[in-house]
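S.K.: Sharing a structure, written as structure tokens. Questions coming.
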Amino acid sequence: MKSSLALALLVGGAIASGPQQQVLREPVDHPQAAETPLQKISDIFGHLSEQAGNVWEDVMDKFPDTLMDAITQTPPPKKHNRRPDSEWDHIVRGSDVQAVWVEGDAGEKHRKVGGRLDTYDLRVKAVDPSNLGVDTVKQYSGYLDDNENDKHLFYWFFESRNDPKNDPVVLWLNGGPGCSSLTGLFLELGPSSITKQLKVEYNEFSWNSNASVIFLDQPVNVGYSYSSSSVSNTQAAAKDVYALLTLFFEQFPEYSRQDFHIAGESYAGHYIPVFASEIMSHSHRNINLKSILVGNGLTDPLSQYPHYRPMACGEGGYPAVLSSSSCQAMDNALPRCLAMIQACYNTESRWSCVPASIYCNNALIGPYQRSGMNPYDVRSKCEGGSLCYTQLDDISKYLNRNAVMESLGAEVSSYESCNMDINRNFLFQGDWMQPYMRVVPTLLAQMPVLIYAGDADFICNWLGNKAWTEALEYPGHNEFAAAEMKNLTSQNHEDVRVIGQVKSAGNFTFMRLFGGGHMVPMDQPEASLEFFNRWLGGEWSDKSP
């Protein structure tokens, strides 16, 4: 699940706290503050240019106190209790894997797998399917440990229900940044969901119907993962994910021979292109990466942010949520927002990217948040707290049960679905507005890329995702931009059922899924499993030599 709106609006939500607050307040004089806040900003972010200083002064005039509190807040370490090595079925030492050298075809010696692995270990527990009843298939859970930096990432693997010896392997990532991928497991595409009575309920449309799936809690301090340190940008998280996959496939080489895909949603629109690039940067690897899939993602803010106003104001296929005056205010704010995002793109520095996040989220997402409607589904009101889904409370209660934590080998004292501290860290590192779509052209030269979007989502809406795919500069740009949106028809029924629209050219595919919100597998489980299986089967990949 994405970023909660509190996430997306760390400032637009936490700072724009009241429903009556204007999108941006008029500047207020704070004579006692003088220049001290800006000096503190300079201490944190480094030297500010005159232009950047002016932007920060303006932003801090509008959010004088809570902004500094958010920037300087240091969260306490997550409580945990590490289990002894004797409780694990397998431990893979990264130093052992790194030490293996092999001989190439030309007689040259090289490491079997690239990348720095010596600080990492992988702990593996064989999960007894009968204990929890989530699925009957073979399962593993455990931790990737970065011993040098005291980081511990939790994962849960489910083998395919169909033909695990031949079916592909998929890594699933929820977004946030700071939301657990166990949300995806129990709310969207995993083998079971959790009822209000905290019972597991079988999901016939689970994505492990024809693929083995790894659910990963990342970055650290998300879900069951923990650390005394932190990760606050996508590039740093990519190193951890590469290490986890490398050690996992070293322990289970039978899965490394299968095709491998990375899928996720929301802020995974940042994660996935960078994680895939990290994997492909190693010429010697045991990860057979074949494609990536991003659902309702945030990848190119400059192309996507102009579509918040149309989606909220009745131009995305659903009735308007906001009043005409709110829509006009969003239009008025857009030019400045885009100028700030462009400045971030030009420098890729914190001092440009952080103000863009603060201003744009407040001006273009804030009005929708204050409407009380669900940012993940324009058809419904927000219920159950800032994340808008009461089911998340049931999932958290289930995953906080001692019996569940014991069965999985979890080492934290408690589970929470989203960690707002992680979100804040990423935002104030400037990661939110970074132009990560710039790595996609290189990926398109290597593998198929699917961008799909449920068309009822606001926060990462289909209009914006279609726009950035059509704007992407790469050799196939003209062909893809000119490609026709065609009906996506289900092949699982005798009668004709149109489940969405799709356009595809070369290795690039965009898909609009009808009736799906931010979490397509939750809203349209049968349709999502169908397009997923068809994608893994290569239906839209480039067949040219």
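Cβ atoms here come from the backbone N, Cα and C positions, even for glycine.
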S.K.: Check Swiss-Prot and name the cysteine among C353, C360 that pairs with C344 in a disulfide.
M.R.: C353
S.K.: Can you tell me which of the recorded positions C327, C353, N507, H518 is spatially closest to C418 (disulfide bond)? Compare CA atoms only.
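M.R.: That would be H518, nearest by Cα distance.
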S.K.: Say you check the Cα of C388 (disulfide bond) against those of the recorded positions C179, N210, C327, C344, H518; which is nearest?
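M.R.: For C388 (disulfide bond), the closest Cα among C179, N210, C327, C344, H518 is found at H518.
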S.K.: What's the CA-CA gap between C313 (disulfide bond) and C344 (disulfide bond) in angstrom, rounded?
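M.R.: Each residue's Cα considered, C313 (disulfide bond) and C344 (disulfide bond) end up 27 Å apart.
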S.K.: Comparing the recorded positions C179, C344, C388, N507, which residue's C-beta has the most other C-beta atoms within 10 angstroms in this structure?
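M.R.: Result of the Cβ crowding comparison: C179.
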S.K.: Quick check: in three-state DSSP terms, what is H518 (active site)?
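M.R.: Going by the DSSP assignment, H518 (active site) belongs to neither helix nor strand, so it counts as coil.
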